[in-house]
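Asker: Pasting the relevant annotations from TrEMBL:
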BINDING   LYS11, PHE12, GLY13, GLY14, THR178, ASP179, ARG189, LYS214, VAL215  ATP binding site
BINDING   THR51, GLU78  substrate binding site
DOMAIN    293-369  domain 'ACT'
DOMAIN    375-448  domain 'ACT'
Amino acid sequence: MEHPVALIVQKFGGSSVADAESVKRVAKRIAATRRAGNDVVVVVSAMGDTTDELLDLAQQVTPLPPQRELDILLTAGERISMSLLAMAINNLGVKAKSFTGQQAGVITDAVHGKARIVDVVPHRIRETVERGQVAIVAGFQGVTESTNDVTTLGRGGSDTTAVALAAGLGADVCEIYTDVDGVFTADPRIVPAARKIDRITYEEMLELAASGAKVLALRCVEYGRRYGVPIHVRSSFSGKEGTFVSGTTHPLGAPVAALAQPTDPSSSAVPEELVMEAPIISGVAHDRSEAKITVVGVPDVPGTAARIFEVVAGSGANIDMIVQNVSVARTGLTDISFTLPDGDGAAALSALSRIQEEIRFDSLQYDDQIGKLSLVGAGMKSHPGVSARLFGALRDAGINIEMISTSEIRISVVTRADDLDDAVRAVHSAFELDSDTDEAVVYGGTGR
Ligand code: ADP
Ligand code: ASP
Ligand code: MG
């Protein structure tokens, strides 16, 4: 019986194509997939730390580069890797052609630096695949319909390109190849004892990604959930099966950690008491990319918070945690602190300083030496002991908590950036997520 041809979208991250040798290694993998009879569309990121290097270069020219120009600069990174990869695949005797985001029909809104994909019209990609050729698409970029300007999708955006193309083409699976064996209960770079999660739902993955687990970009998971694209996160350095992200939920109440263990077929996987008692913890995520702004000495009258956050939103910043406190300095005043991506810091500060007279606050403080740890799990809402256990773990590790926020399925704390790694390890152990068998492998990348 003949198998219908599968359409596979494969995305290779920067660490998988860090140098010419890696490009050739990845090309072999792609050629093998094609030779096995599959239709293949590839999405590729910029080589190694190219995007960071381009950002540094722009910073050396001007502290606030115009967003439109920055986008054009950054998309150059993916153009380098896409063409080299196409050359390497052709050299193996398999026909391949590369396309920019614009050529691939990735249409976005006009928000430079974090554009959203609004449509995918992949005519040229489909045509290429129908001719039996491999289509290579530059990740992380698109074009606006109205102005034809080139945009980027935000850091890690190649993941989103891949899932959006997979949805647009009706692919059977979107494989995200990276430098670790899948999604783990914590970043394996920090916690070598982290466990690989074999299967995870879109919802749990969304929460991990939103909390900083950069193995998958947040919008890629949102996109995958909306269009039901099965995502397989795996290593480009090994042949191991990775993590499947899909809409299938776990057996009711089963802790992820238990599912990640090899199951003994002779016994039922999760004992009944465990199902009822154990909090479901997906993992511990961390984020080093945020900063904290404190508006010091804000008059404690109605409307000031509204005005402050109107202005911050107007600067284009996405706010995360907010804390308001009665000021220690003087009565009748409050201090308002909030966190935001550090890339949005300069614009938010300058917008706020323009309303200093109007609001009559004392001063602004900026702190980019913070780290955020989040414990994520769908079951924690029914387990009141979870926060106490988390805070206890941090206390035992001698780590001070600066801010706390909670939701039904997540607890986040802000610490000093220098304490973050220790905090992640302490919390991971305290929730018994450490694997006592294998050590997680990090195959490449600089973790930048
Ligand atoms: P790529 O270049 O392939 O896009 P990224 O650096 O964006 O790779 O993402 C992979 C990295 O994500 C891993 O090397 C790892 O350090 C980090 N990471 C953070 N949290 C997790 C997690 N929970 N599971 C796996 N990797 C994680
Ligand atoms: N090259 C871009 C970045 O470094 C996009 C990506 O890698 O997904 O963020
Ligand atoms: Mg990435």
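Note that Cβ sites are derived from N, Cα and C of the backbone, with glycine treated the same way.
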Asker: Taking ligand 3 as the reference, state which of the binding-site residues LYS11, GLY13, GLU78 have a Cβ closer than 6 Å to one of its atoms.
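Answerer: What lies within reach of ligand 3, judged by Cβ under 6 Å, is GLY13.
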Asker: Which three-state DSSP class does LYS11 (ATP binding site) fall into?
Answerer: strand
Asker: Hey, how far is ARG189 (ATP binding site) from GLU78 (substrate binding site), Cα to Cα, in Å?
Answerer: 25
Asker: Reduce the DSSP letter at ARG189 (ATP binding site) to three states and note it down.
Answerer: coil
Asker: Determine how many residues of the domain 'ACT' (375-448) DSSP places in helix, in strand and in coil.
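Answerer: Reading the DSSP string over the domain 'ACT' (375-448) gives 29 helix, 15 strand, 30 coil.
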Asker: Near GLY13 (ATP binding site), how many other Cβ atoms are within 10 Å of its Cβ?
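Answerer: If we count other Cβ atoms within 10 Å of GLY13 (ATP binding site), we arrive at 26.
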Asker: Could you check the binding-site residues LYS11, ARG189 and say which one's CB has the fewest neighbouring CB atoms inside 10 Å?
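Answerer: Among the binding-site residues LYS11, ARG189, the lowest count of other Cβ atoms within 10 Å belongs to ARG189.
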Asker: Over all shown protein chains, what is the count of other CB atoms within 10 A of the CB belonging to VAL215 (ATP binding site)?
Answerer: 23
Asker: So what pLDDT does the domain 'ACT' (375-448) average out to?
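Answerer: 91, rounded to a whole number.
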Asker: Taking helix as H, G and I and strand as E and B in DSSP, count the residues of the domain 'ACT' (293-369) in helix, strand and coil.
Answerer: 27 helix, 26 strand, 24 coil
Asker: For VAL215 (ATP binding site), which of the three DSSP-derived states applies: helix, strand, or coil?
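Answerer: Looking at the DSSP assignment, VAL215 (ATP binding site) belongs to neither helix nor strand, so coil.
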Asker: Measure from each Cβ of the binding-site residues THR51, THR178, ARG189, VAL215 to the atoms of ligand 2 and list the residues where some distance is under 6 Å.
Answerer: THR51
Asker: What is the interatomic distance between the Cα atoms of THR51 (substrate binding site) and THR178 (ATP binding site), given in whole Å?
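Answerer: It is 16 Å, counting Cα to Cα.
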Asker: Based on DSSP, name the secondary structure state of THR178 (ATP binding site): helix, strand or coil.
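Answerer: The residue in question, THR178 (ATP binding site), is strand (DSSP, three-state).
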